[in-house]
Amino acid sequence: MKKFRFFVSGMPGVGKTTLAKRIADEIKREGFKVGGIITQEIRSGARRSGFRVIALDTGEIGRLAYVGQGYPRLGRYVIDVESFEKVAIPAISRALREGDLIVIDEIGPMEFKSNEFLKALGLVLRSEKPLLATVHRRFVERYRPLGEYYWLTPENREAVFSEILVKIKELLRENENAGNKAQD
C-alpha cells in the first residue's frame, strides 16, 4: 500500500469539515471503509456554544468543547478531554485496523489538549493508511511537508473537493488491486 496523505486548511467557516464529510460519504458509497472523526460546531441560536466529535463508522457522539467554567481551556471554551477521547481514540484505532481511508477533522489546538489524541495521530502518521485530515491554520507548516496540502477558500472548495476525491479514489483502487494481486 502506498502512503498518501491529504491535508486541508483554511479560515474558520470556509467548509473544511463539510469537505471532509462529503469525501468520506463519497468514498463509502464506492464500497470502501472510512473511519476516523469529524468535528462539528454546536450552536445556540446564532452563537457557537461548543464542538462535538462524531465517529465516522459508528455515529457515536462526544463533546469536544463547550462554553463554561473549567479546565483545560482554549479561549472561551472548556475542552472535555474525557468525552472527546471516549469517542475519538477508539474511532481512530478502528480506522487504523479496519479502514481503507482515515479521516481526522481536525488537527488543531483543542484536540492537542489530549495526549491520547497526539499518540493516536502519531500512529496514523506512521501507518500505511491513506489519510484525509483538516488542519488548523496554526499548524499548517507542521503538516504541509507530510503530504498534499490544500488551502480551502470559498472560490476553490468545489475544485479542491473534486481533486482530492479523484486522487483518493485512484489511490484506494490501486491499493485494492495491489491487495488482490498479492492474494493471487
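Going from the start of the chain as shown, residues are counted 1 onward.
Positions of Cβ are set from backbone N, Cα and C atoms, glycine also.
Residues or ranges marked as ATP binding site in Swiss-Prot (evidence: sequence analysis): 10-17, 101-108. Annotation for K16 (ATP binding site): same-chain Cβ neighbours under 8 Å, separated by at least 6 residues, are V8, S9, G10, D105, E106, T134, L152.
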Binding-site residues compared (V14, V103) - highest count of Cβ atoms within 10 Å: V103
List of residues, in chain order, with Cβ under 8 A from that of I107 (ATP binding site) and at least 6 apart: F7, L121, A133, T134, V135, H136, F139, Y143
P12 (ATP binding site): tally of other CB atoms within 10 A of its CB: 9
For L101 (ATP binding site), the number of other Cβ atoms found within 10 Å of its own Cβ: 27
K16 (ATP binding site) - helix vs strand vs coil (DSSP): helix
